[in-house]
Amino acid sequence: MTSCIASTYRFTSKKKVLNNFFSNFLYPPYRKHSLSIGVAPPRTFEFSIAYSHQSDCESMTFNTPQSFLHYVRYAQLVAQLGFFSTTFFCFILVFLTMFGVKRNFGSYTYLLILFPVVGIFFATIELVLYPNVYSHNAGYVFYSTSRPFNMSQDAVTWFLAFYTGVYASTISMLSVQFLYRYWAIFDETNLRFFKGWRFLIWIAYSLSFGFQWAFGIYFFDKIDDYAKNYLRLEMMQKYSTDFSEIAGMTLVAYDKEGNIRWFNICCTLNMTAIMLVQYSIIIYCAVRMYIGMEEKLQMLSISLRNLHKQFFKTLILQIVTPTITLFSPVMLIIYLPLLDLECDLPTGIFLCAFTLYPAMDAIIVMYIVADYKKAAKKMLKNALEQTYAWLSTVETDQSSTRTRSIAANLPAALSPK
């Protein structure tokens with residue numbers, strides 16, 4: 001930890017602005033300070049500030065850093081794009097599953113409907129909260145400056161934890177999909193656990209991991225004084241934001257002596273355990289299906305054989321896509337503090353990939369599974385035919401109206417008898 005921090009700033013102002021700067025910018029434990037001001041060109045002040053920590057006297061000098069506010073704007077734009085694309089494509093997938101596709105997928109239909117619905121819900125939460133993450137050396141802060149529905153700061157903090165829980169439920173449901181496809185090929189008798197009321201087991205399975213993740217990050221990553229002092233100055237410099245203005249959670253991996261802060265690290269261990277369980281199920285089922293699929297499919301009809309192959313291709317893409325958009329960003333964020341590198345990263349930009357995944361997943365299913373392509377083409381054709389018929393009717397009615405109007409305005413001698 002640095003106990004003395006020196007910084008140089010240049011701006012055009014009057015003496016009153018300097019006083020406002022000091023009253024708004026200095027926070028404990030950096031109240032003890034010494035100041036020297038050297039006059040630059042007229043109406044411009046260049047000054048150096050040295051903050052002395054109350055316990056130590058090391059010093060460090062750095063220039064005014066680059067703001068990360070533009071990354072926040074980019075992330076918000078991508079979050080909006082993710083929300084609209086996810087809502088559009090997931091709605092189409094659900095509609096086709098319920099009303100377009102004629103084939104009966106069995107209990108898998110529930111998963112094909114539930115997963116995109118949760119995706120829309122997840123994208124909606126992100127659009128409301130606009131969560132952000134900032135990584136600095138051995139720590140990160142996960143926060144939001146939004147106050148939707150005039151919620152209090154504590155309520156938004158709970159809402160952020162709930163958002164992370166929905167994320168954990170999403171990856172848990174993804175592993176359930178892989179398990180279903182694995183049993184559908186290798187052990188159909190186990191599919192009874194997806195029928196009727198037993199399907200609630202898998203909903204409870206996903207919700208339990210979501211609760212575990214949400215509770216873990218809320219309990220273990222509560223903002224404490226040490227984390228505030230560790231991240232406060234950088235938050236002000238990079239995002240022009242003070243901890244009094246945000247709701248969120250923080251993690252700092254090491255204390256000032258270099259010892260591991262195990263209470264915070266318990267959150268990382270909790271997240272690691274959840275991701276390890278889900279990703280292990282995904283990889284195990286995928287590898288087993290790849291190795292033994294051909295032999296098992298020879299026992300099925302050609303129609304079912306083609307269907308299972310299509311779903312397998314879908315699941316393979318559903319490994320690559322979430323690895324890039326769901327698992328990798330979280331792993332970067334939670335493991336980077338353990339390395340304690342001297343770096344400042346706007347890692348919140350990676351969160352926007354979360355909202356894109358449900359849309360990508362829906363596109364993958366509709367593109368690869370032939371039944372969805374046929375249903376989509378048929379429904380699009382019917383919609384175009386109905387639109388054309390309606391336009392033709394409107395045009396015919398307008399022509400009849402014009403003909404009657406012309407006939408009414410003709411002289412009596414020219415009117416037809």
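From the backbone N, Cα and C atoms, a Cβ is placed for every residue, glycine too.
According to TrEMBL, the protein has these features:
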- 77-101: transmembrane segment (TRANSMEM)
- 108-130: transmembrane segment (TRANSMEM)
- 155-179: transmembrane segment (TRANSMEM)
- 199-220: transmembrane segment (TRANSMEM)
- 262-291: transmembrane segment (TRANSMEM)
- 311-336: transmembrane segment (TRANSMEM)
- 348-370: transmembrane segment (TRANSMEM)
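A Cβ distance under 8 Å defines the sequence-distant neighbours of the transmembrane segment (348-370), meaning residues of its chain 6+ beyond its ends; these are 71-72, 74-75, 78-79, 81-83, 85-86, 88-90, 92-93, 96, 112, 115-116, 118-120, 122-123, 126-127, 131-134, 167, 170, 306-307, 310-311, 313-314, 317-318, 321-322, 324-326, 328-329, 332-333, 376. By the Cβ criterion (under 8 Å, sequence separation of 6 or more), the transmembrane segment (311-336) is in contact with the transmembrane segment (155-179), since 3+ such pairs are found.
Listed as Cβ neighbours of the transmembrane segment (155-179) (distance under 8 Å, sequence separation of 6 or more from its ends, same chain) are residues 111, 114-115, 118-119, 121-122, 125-126, 129, 131, 142-144, 146-148, 202, 205-207, 209-215, 217-218, 247-249, 274-275, 277-279, 281-282, 285-286, 315, 318, 322, 326-327, 330, 354, 358. Long-range contacts of the transmembrane segment (199-220) within the same chain, counting only residues at least 6 positions beyond its ends with a Cβ under 8 Å from a Cβ of the stretch, are 107, 110, 114, 142, 157-158, 161-162, 164-170, 172-173, 176, 193, 249, 263-264, 266-267, 270-271, 274, 277-278.
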